Every structure is written in C-alpha cells, then in structure tokens.
Amino acid sequence: MTQQRTLKNTIRATGVGLHSGDKVYMTLRPAPVDHGVVFRRVDLEPVVEVPADAELVTETTLCTGLTCNGAKIQTVEHLMSALAGLGVDNVIVELSSAELPIMDGSSGPFVFLLQSAGIVEQSKPKRFIRITQTVEVRDGDKVARFEPYEGYKLGFTIEFNHPMIPAKQSRQEIEFSTSAYVKEISRARTFGFMRDLEYMRERNLGLGGSMDNAIVLDEFRVLNEDGLRYTNEFVRHKILDAIGDLYLAGGAILGAYEGFKSGHALNNKLVRALLADQAAWEWVSFPEGTEQPPVTYASPVYA
C-alpha cells in the first residue's frame, strides 16, 4: 500500500533566483488529495496559480519554467526533484517572485525543508505513471527515452570536452528510492562554465549565480575552493534535473529513463511525447491489500 503524501506543517524559506538575482520568499503548504503540486504567485493581484504541468512549460534555456494565465514560474526543477525524491504528491508553493530560490544549487536544502515540515500520508492511494511502451525523442545527437521497467531507473551520459569531466565520470545510473536519491543525487549542484558567462549575462540569465550556489569551471579546473561533493557531481546533477523535469508528468514514474546529453528541453519533449501516446503508459496505484509498488519511499517523516 502506497498512499498520497503531503506536508504536515507549513514551512518557509528565503533565497535568490539563480537567473533573476531577485530575492524571493517561498512558503510550502499542505494540500488535499489529488491536488498535485501547484505554484502560487502571491506577489500578483489577483494571485495566480500555476500547476506543475509539463504542458505549461514555456522555458527550457538553462532552467525549466512554466507559464499560466500570463504568470511565469521559473527554475522549478530542483524543488520538483526533491518532491519526487521524497514522494510528496500534493503541495502548494507560494512565491513572492517569478523564480524559485536556487539555495545551494542542489535539491539538498529542499529535501531538508520538506523533512523539517514533516511528511504525512493521505487517504487515497498514490498514482503512478507506468511506462508500457518505449518512447524516444531526439535532437541531433541528444537522446531521451522511456522504456518499460519494473521500478524506476535512471541512466544518464554527458559529454563535455573538459579535463574535470573525463569519460569515466560522465555516466551514472540510479535505481530510484528515497534513500538512493537523498544519498546519491540530492547534493549534486548545478554547474556552469566561465566561457558561457557572457552569453548568459546578455540574456539576463545567471544574475544570481555564484560559487555559493553553483560549481564554476574555467578551461582547466573547478574554481570552487571546496571542490566537488561527488567525483562525478556533474552527471549526478543531470539526473537530479531529469527527476524534477519528469515529475511534471503529473505522477511518479514506473519505468526506465535514459538520457544522452539531454537537458530541460528534451526532457520536456519526452514527457509531452509520452502523455500524447496513450498506448505508451497507464495510471496504476497500489491500494491496501494489493501488491507493493516496485519503488521504495522512506517512511513518512512526522515533524
């Protein structure tokens, strides 16, 4: 039996937007069953709600952004990843600005926030999206693919011509569970290259970026004094992003995901292609008295 989950208590955090550089106040609130993840722009009059829905994705350049009724919500992927990692189905995310706080560039601070708020089970079974047929999307040599699988498995390969990202550290696989997510993925930070800084600044991107919330590389090395948290932190962060992007499908995935040089755009294209092909997936749940789901979530955290 696996039930839907929400937060036990309301919790707040403050930070800056990675791309906007704006200070943002964020409040996470419990939500009822079947509510899903919904963002709320409380700085707008009237308040605008933006559901966490792959069909509402309008921005995929260096982040995943949603637009609904003229209101934007940007850089949702790290919080969505933490929610997926801890199995939280229903939550209201109130924001005082258009962009979520970047925190330390990983999903670790969001995991801590969610655990601090407490996670409780609700009265209805959790709904999973089970992959029943292979779905693949491409963009040049980039590939993202779903395949049927008993569980949730993610594999990712990156290719960067950089001495700090050798081929042997460019591949990672994870058999998804809450404990594997928290230990192996959640602390991996976003990263960027000094050579891309001018491109980003011209587009008003990365204005809140610093070595406090990203790994920064020049042509030869990592510039952060403390170095890396994992030897292959870069590809682990790509899995962190993918878990968040895929959670915009509207339910927890049961299947195998494979990404080769994929990013936010291709991940979103994959989710849209999946949802458009009704023969490729089905809703499943595991109510009391039935089989256990092939994915392990941590026991609820009662704060």
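Along the chain as shown, residues are numbered 1 onward.
Placed from the backbone N, Cα and C atoms, the Cβ positions cover glycine too.
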Among His78, His162 - the residue Swiss-Prot places in the same Zn(2+) site as His237, Asp241: His78
Those recorded positions listed as His78, His237, His264, and which of them has the most Cβ atoms within 10 Å of its own Cβ: His78
Rounded distance in angstrom between the Cα atoms of His264 (active site, proton donor) and Asp241 (Zn(2+) binding site): 8
Zn(2+) site, defined by His78, His237, Asp241: further same-chain residues with Cβ within 8 Å of the Cβ centre: Glu77, Ser81, Ser106, Ser107, Ala188, Arg189, Thr190, Lys238, Leu240, Gly244
Cβ atoms near Asp241 (Zn(2+) binding site) (within 10 Å, other residues, all chains): 26
